[in-house]
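Beneath this line is the structure, given in structure tokens, with notes to follow.
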Amino acid sequence: MGALPSGGAPKLVTGPRFRSPSSHSRVYMNRIRNFSIIAHIDHGKSTLADRFIQHSGALSNREMAEQVLDSMDLERERGITIKAQSVSLEYRAKDGQTYELNFIDTPGHVDFSYEVSRSLFACEGALLVVDASQGVEAQSVANCYTAVDQGLEIIPVLNKIDLPSSDPQRVIQQIEEIIGLDGEEALKISAKTGEGIEELLEALVQRVPAPKGDPEAALKALIIDSWFDNYLGVVALVRVFDGALKKGDRIRVMSTGREFQVDELGFFTPKRVLRDRLDTGQVGFVVAGIKDIDGAPVGDTLTSAQKPADSPVPGFKKVQPRVFAGVFPTSSDDFENFRTALEKLRLNDASLHFEPETSQALGFGFRCGFLGMLHMEIVQERLEREYGLDLITTAPTVVHEVLTTDGETLYIHNPSELPAPNKIEDIREPIIAASILVPEEHVGNVIKLCVEKRGVQKEMQYVGNQISLVYEMPMGEVVLDFFDRLKSVSRGFASFDYEFKRFQSADLVKVDVLINGDKVDALAVIVHRDQAQSRGRELTDKLKEIIPRQMFEVAIQAAIGNHVIARSTVKALRKNVTAKCYGGDISRKRKLLEKQKAGKKRMKQVGKVEIPQEAFLAVLQVDNKKS
């Protein structure tokens, strides 16, 4: 994310680029174009951004790396964009004018929809990039509707037209039928070969409106993203809506009221270019000596401390995590390093929430809130890769709304927090609306999967040779493996997007796992009563395979309250104590066997069963086994 090179001090480039004399602010604003690219994973967005950078001459051919903006190794490896990025480019159009193009990158995955809404809010236009061989995906549809709601000018673009499998006519028809844009206006390009890039840049300049705003008004700048830099502290990526941001100004963060002094301003081209001011309509970075991570909340508004704006930039909501999991370091010595790593990560990721948690089985760790499963995987992988931590993650859960008999409403993030059954009046589970686009030949398998996940069909319509399905289903059913299984039953052709709808009453119970009579809090799950018996049986069988045999018998039980619904037993290892007896009286052997039996009984009372790490993932594997 516009981040700095990891080795050595940041390389600075200063220069006369992007001059914006304040007397000509309004004239200059007319030559700014702020735009975003909406695209599904792997439809060529990062490659197109590279072509723009190359075309404007911002980097020499030697400096161009593939996917310049995807600066995290993880982003390049998985081929997805996770963070919002920005790059400012100069483009001399055919009308002879030089335009400033501010491209704000957006992630494409469903988990990162909040990052998309922030990026789109800072733009006046968007390019809808669709792979000409694959067609429109559910994800792009959702992000495109967000852009339409925010009043952006949308330019449809067909990418990868150089592929033999591309079918532009079919995709144009899809764009018209599914999204409702005029497909005939779609531009045909190949980001890989550079074909059609010039025409696309001209269309950007002609069709995307210039930013609106009052250069004379009080400063109002939206924080699109922020990240932590080892040299500079917090760096914020901002879009100026009104007024101007100048070096040396005292600025105020509107939600917290905290004040800072601007030390550095500038753009990414994608090199860092320092400037003395950012004017209305411009996008750039601000360094203001913010040392702690909560100093620049993403989605907040910066204003002048001397002459503050009356109201912040509208339309931003605090993002709510939907999926929770306990994350614990394997070594308790790493706890403080783990806390620091999470705090640093949270600066780059406003949607990550965490609070300390103690588990009898796993020790000290954190209960972390994520946007979805991909978000959870990426956070865990970044913690392990960038901070060298070794972590155990418990099975993910969703938030449940619980009405107690006292009339109190609780939000439960962790099954172990659920009150006793006699204290619960009602449990409500989160329901989502899942939009699925699937080719006709796979629709039967997809419907079967949705029904298995307790889904209720709300809509079904034919769109060319694709079928658009809308299902309402419990989020708890989706969170573990729905996405993987959807890809599996549709041979990888189905695409999926979801949004939270409401909490709805359901007959849910907590299944506890007891090992030798002791509850293991990290293995508890909340499931529908109809599935409790089979889920408990699968869980105990799985744990029986994983827990090693001890010198004494180990009982594994699944229980709802005090009612045991399933049990497995790990048989004891047995030493042959009578081996040293040869012949002789049977009472001698019996005495040795009785002694062994008494010893095992005593051992069972005081012995602790070591639970291996894989046991905590067994909850996940129980679901995967069904796929």
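Counting begins at 1 with the first residue displayed.
Placed from the backbone N, Cα and C atoms, the Cβ positions cover glycine too.
Keep in mind the model is a prediction, meaning the values are calculated, not measured.
What Swiss-Prot records for ASP42, HIS43, GLY44, LYS45, SER46, THR47, ASN159, LYS160, ILE161, ASP162 is GTP binding site. Cβ neighbours of ILE161 (GTP binding site) (same chain, under 8 Å, six or more residues apart in sequence): ALA132, PRO168, LYS188, ILE189, SER190, GLU195, GLY196.
Per Swiss-Prot, domain 'tr-type G' is recorded for 30-212.
Marked as region 'Disordered' by Swiss-Prot: 1-23.
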Could you tell me the mean pLDDT over the domain 'tr-type G' (30-212), as a whole number? 73
Binding-site residues: SER46, ASN159 - member with fewest neighbouring CB atoms within 10 Å: SER46
